[in-house]
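Q: Straight out of Swiss-Prot:
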BINDING   VAL22, GLY64, VAL65, GLY66, LYS67, THR68, GLU69, ASP280, GLU345, ARG417  ATP binding site
REGION    149-192  region 'Disordered'
COMPBIAS  178-192  compositional bias 'Basic and acidic residues'
Amino acid sequence: MDTAGIRLTPKEIVSKLNEYIVGQNDAKRKVAIALRNRYRRSLLDEESKQEISPKNILMIGPTGVGKTEIARRMAKVVGAPFIKVEATKFTEVGYVGRDVESMVRDLVDVSVRLVKAQKKSLVQDEATAKANEKLVKLLVPSMKKKASQTNNPLESLFGGAIPNFGQNNEDEEEPPTEEIKTKRSEIKRQLEEGKLEKEKVRIKVEQDPGALGMLGTNQNQQMQEMMNQLMPKKKVEREVAVETARKILADSYADELIDQESANQEALELAEQMGIIFIDEIDKVATNNHNSGQDVSRQGVQRDILPILEGSVIQTKYGTVNTEHMLFIGAGAFHVSKPSDLIPELQGRFPIRVELDSLAVEDFVRILTEPKLSLIKQYEALLQTEEVTVNFTDEAITRLAEIAYQVNQDTDNIGARRLHTILEKMLEDLSFEAPSMPNAVVDITPQYVDDKLKSISTNKDLSAFIL
């Protein structure tokens, strides 16, 4: 697995995070240090490695300020497997619902996909060449071989040929004739020139097995995986365009070209050494004295999470995985509860605390303009596909930021997510009419913003429903 990302310095990691996330420098610094410590640990001898475990992080801040995005972008920067889970979705062991070990199994699934995607990219050219060869044969097929005439299984008792019931002659073909060879050469040339991309071709693909609906969520998933491994893969015929068929066939050939067992072992190691599990809404399982009935269940979930944070060996369909060196990031608003409401053992497993700042008007302005593909740039690009040019003035952007901030103050504070609703509502009419406005140029001014939003933003009841 490519580990170039893990060698980035904390400054380089923060710089990359700054391309997508505005502010929250303290949080960025702490996650960057946590990542760098992983690289430092990888350089130590085996004995020292076993003694050093990651320092888990607890992010505290309201929704929409960047907690999840910082963790997700960080994982992407270093190429680490990342999974986000919600603490409220888990139940105590013995109850119907997802048990806490499922987060580790989900992380391993992500790790396997990462490793296999990279290994497939290394054999992509060979797999595509095989796919093109198969496409030529599908577009110009040979004659099918005739089925064996030995249909009576008792015939072998009287000296006849022994039938091979396991052999499937359905796809076997006669050697191609000279005429077929000539046609295939022509088709191959046309494929290479891209002239047949929209032509239809029939291919066989593996049928997606149905789900079992008789068990609880977690038991259902494990039973389904076992059944899928035991049962033979069933294939169905589909008619698709050549360009789609090439992707399906190339992916299938790439699977055959890579060593699956080696990839699975590499994925398990990657999950163990580089895995990041983001546990959102951890404040919702914190206990307080207001509702003693629910506190028992919440404490049960916390106590189930604790062994995984301390280091447990979890069984997955790819093999066992140890959670001791995974990085866990807990996150929550902690409006009702406090970090000290978590059970003491769990508090001790999150030694690094970082409080994220609420967003001000200036932050909203920066979010709209600074990131690599900011919201403003996204909407400009979308409307440009309809040949409509949209220009946002600086004053209009400031006005949008002011409205977003005010609506957050007057209703629920959902942070930067408010900008999505504000922009979507403001550009609703333009997005609807854009196909009938080719080559139009639209200037978004403060007046335009107020015309579209002022009546809503000044009415608290309407704001709560619409924005």
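Using the three backbone atoms N, Cα and C, a Cβ is placed for every residue, glycine included.
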Q: Check each residue in the chain of LYS67 (ATP binding site) that is at least six apart in sequence and keep those whose C-beta is under 8 Å from its C-beta; list them in sequence order.
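A: Correct list: ALA27, MET59, GLY61, ASP280, ALA331, LEU356.
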Q: Find, among the binding-site residues listed as VAL22, VAL65, the one whose Cβ has the highest number of other Cβ atoms within 10 Å in the structure shown.
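A: Selected residue: VAL65.
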Q: Tell me the residue counts in helix, strand and coil for the compositional bias 'Basic and acidic residues' (178-192), as DSSP assigns them.
A: 15 helix, 0 strand, 0 coil
Q: At a 10 Å cut-off from the C-beta of GLU69 (ATP binding site), count the other C-beta atoms across all protein chains.
A: 15
Q: Tell me, by DSSP, whether VAL22 (ATP binding site) is helix, strand or coil?
A: coil
Q: If you measure every Cα to Cα pair among VAL22, GLY64, VAL65, GLY66, LYS67, THR68, GLU69, ASP280, GLU345, ARG417, the residues listed for ATP, what is the largest value in Å?
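A: Result: 34 Å between the two most distant Cα atoms.
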